[in-house]
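Listed features, source Swiss-Prot:
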{"type": "BINDING", "residues": "H54, H58, C128", "note": "Fe cation binding site"}
Amino acid sequence: MPLLDSFTVDHTRMNAPAVRIAKSMVTPKGDTITVFDLRFCVPNKEILSERGIHTLEHLFAGFMREHLNGDSVEIIDISPMGCRTGFYMSLIGAPTESIVADSWLAAMQDVLKVAVQSDIPELNEYQCGTFEMHSLEQAQEIARNIIASGINVNRNDDLSLSEEILKGL
């Protein structure tokens, strides 16, 4: 099985909250697609709550689009990581980490403005596979923690696992 890019970085050295360009590629038509690692928690030390990350999934995708989409950027998808330490965001364009971080902080401010659980988008059995597994309170606690901590940048060069280490794993 091929080694995926996300497993070639040392998770023991990742900072959180932090933005990392996980991958960048150019399509045959010349569009740049960038995948960002939006790391909310320090891997293997913290984890996002099940209900909190699910609620963030519903809120974060819309709020990030409001703050980041523009003439040169269009978000394709924002999805939670299986390890529950953050989200991957795929987009057309190549915004800087600082622009993404600013949009992320603004989106977290928006999460805090959601007044009641019933304001969570797509919170029904028709549009959500586990519509009862949500917590606005937990999502807002996550948002408060991100805002209080600020957002750093993780760089692949600083986190890259050597070929020797990868062969030994």
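Count begins at 1; order follows the chain as displayed.
Glycine too: its Cβ is placed from the backbone N, Cα and C atoms.
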Quiz item: Under 8 Å Cβ-Cβ from C128 (Fe cation binding site), six or more apart in the same chain: what's there?
Solution: H58, E122
Quiz item: Per 10 Å Cβ neighbour count, which of the binding-site residues H54, H58 ranks highest?
Solution: H54
Quiz item: Which state, by DSSP, holds C128 (Fe cation binding site): helix, strand or coil?
Solution: coil
Quiz item: Other than H54, H58, C128, which residues of the chain come within 8 Å of the Fe cation site, judged by Cβ distance to the Cβ centroid of those residues?
Solution: T55, E57, I120, E122, L123, T130, F131, M133, H134
